[in-house]
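J.: Below are the features listed in Swiss-Prot for this protein:
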BINDING   CYS343, HIS394, HIS525  Zn(2+) binding site
DOMAIN    1-64  domain 'TGS'
REGION    246-548  region 'Catalytic'
Amino acid sequence: MSNTVSLQFPDGSVREYDASMTGAALAESISKSLAKKAVAYAVDGTVRDLSDPLGASGKVEIITREDPRALELIRHDTAHVLAEAVQELFPGTQVTIGPVIENGFYYDFARNEPFTLDDLPVIEKKMREIIQRNKPFTKEVWSREKAKQVFSDKGESYKVELVDAIPAGQDLKIYYQGDWFDLCRGPHMASTGQIGNSFKLMKVAGAYWRGDANNPMLTRIYGTAFANDNDLQAYLHMLEEAEKRDHRRLGREMDLFHFQEEGPGVVFWHAKGWKMFQNLVSYMRRRLDSHGYQEVNAPQVLDKSLWETSGHWGWYRDNMFKVTVAGDDTDDDRVFALKPMNCPGHVQIFKHGLKSYRDLPIKLAEFGNVHRYEPSGALHGLMRVRGFTQDDAHIFCTEEQMAAECLRINDLILSVYKDFGFEEITIKLSTRPEKRVGSDELWDRAESVMMTVLEQIRQQSNNIKTGILPGEGAFYGPKFEYTLKDAIGREWQCGTTQVDFNLPERFGAFYIGADSEKKQPVMIHRAICGSMERFLGILIENFAGHMPLWFAPVQVVVATITSDADEYAKEAAAKLKAAGLQVVTDLRNEKINYKVREHSLQKVPVILVCGKREAEEKTVNMRRLGSRDQESMTLDEAIARLCEEATPPDLLRLKNAG
């Protein structure tokens, strides 16, 4: 075995090194300044401790604090410091798990008396002390027996359970920070001092051990950490903005929807909210129609045999709502399920009747109501529900048509997002996972096509960021994931394009090829909004409730100053409605400022104020949401202007093109 390794650096240069050299020594050999800034290193994309030996040849990178990958290390290390601080302050507390999550980290603790928000400042202060000590992170590999004995002696029963769960043959890594240690896969930075002080503990919550309600309840402490104070403050400011924009609060203020205990995870839509929902459906329906989709509707309840054939019963049964039927003899003992996905139903529609290669591509779309079980603790307004509407479509095509169809889908998705003001989009290709169906040759072809498509997308637009997610594809094929950035910088994964070799084969779907032989179609799953409910939640928060005029459930309120203007206000409202606008009149005997405040709280885009003078002159005083300005104009002028603004963007393009 060779004692030297060949390392390729980011600039393309290749050098030989002793295999036993550590990452820290490698950084030192390049430059002392780099060694000071280094927090970890990576070989062939795998991040390692600086204390790890090189071991093997590959592409090497020194990771500094400025590298995006360092953020996960900072948060991981901060979680360990949190655990140490808790055990210093509250002896007898057991530590369990503490992973990095999106935008931060958490750690779960077992303690007789749960932590409260009042404990967080004290814990945070102790964490800063530990960081100031600048203790090195060091790693040891223990035997299973030693690990169980040590943690058992410490009274750490949860850690003993974690040790038992680690597969035989896998190293049991123990990381020390000074004298304190924890079971951990790593990697870590060189010392606690490299964490810095740009962190904050955010909240406490209850969490069942291993997410099982039959297990003990633990206390979870959430925190966040960043590479510098500017990033931390920007994040905290974003959270403040997000709280102001919370769609649940705005939903109440705007009278859009509500939830209640008798229907956990399902939406009670009020009239205004349902109007907004229908606006979204109508817009999407027009877009699909113009792109050659056929809208269909498949049953919501189907026999489990269909779900067994599709594979959902085996892969997804625990997340499905099951129904047993106590009917006549033919129905006894049958088990049905509410559909969690639309795809199996669409395959049945495709199979109904013989299809020729000349018929392809066939594009089936549905605004399908689906139901998926989510733990009650995971439910979150419109963003995480149990019953929702999916803007699903499935394109049945030949393998040769796959690239062109993926590009057409991409054009449609980006166009829809642009119409709602989302132009910062990231598209990532998720490639084959370890567990998958289909031959490697089939995956090679599909990934090659989608890689080419991704490159074409990247070249077409400067606003589009692209990337690869190795091993993150569905078991049945590779997929694109579309993530959009909202007005306050948050990212939301919405659209998907997934290639499926599996479902057509499972159901025996085929078309007749040019050679008169049966061929299996490629099936492309496509969603733009994803969950329509969730997309509406995103829109409400993105616009802070101030929806574009064309999308608002109530577009105009005609409000009177005095009763002298009541008849004129009714006449004005009738003309506005006749022009196609969504109008409400407010003739109440209230002061006009009170009316304006109330309708502004409900985020009505335009208020037309009518008094005695306006009634005499056939004018209106226009006030827009968020503006102090008032503009006087004739009623006809107001109607013309508002009708233009209230035209949906897709129809406006058609109008301008004509």
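Any Cβ shown, glycine's included, is placed from N, Cα and C.
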J.: Using Cβ atoms only, which residues of the same chain lie under 8 Å from HIS394 (Zn(2+) binding site) while being at least 6 residues apart in sequence?
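T.: The answer is ASN342, CYS343, HIS346, VAL347, PHE350, LYS363, LEU364, MET523, ILE524, HIS525, ARG526.
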J.: Would you count the other CB atoms within 10 A of the CB of HIS525 (Zn(2+) binding site), including those on all shown protein chains?
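T.: Result for HIS525 (Zn(2+) binding site): 22 other Cβ atoms within 10 Å.
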J.: Please report the three-state DSSP label of CYS343 (Zn(2+) binding site).
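T.: Where CYS343 (Zn(2+) binding site) sits, the three-state DSSP reduction gives helix.
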J.: Which are the residues of the chain, CYS343, HIS394, HIS525 excluded, whose CB is within 8 A of where the CB atoms of the Zn(2+) site average out, their centroid?
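T.: Those within range, site residues removed, are MET341, ASN342, HIS346, VAL347, ASP392, ALA393, GLN498, ASP500, LEU503, MET523, ILE524, ARG526.
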J.: Return the count of C-beta atoms lying within 10 angstroms of the C-beta of CYS343 (Zn(2+) binding site), excluding that atom itself.
T.: 24
J.: What average pLDDT does the predicted model assign to the domain 'TGS' (1-64)?
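T.: Taking every residue in the domain 'TGS' (1-64) and averaging pLDDT yields 93.
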J.: DSSP on HIS525 (Zn(2+) binding site), three-state: which is it?
T.: strand
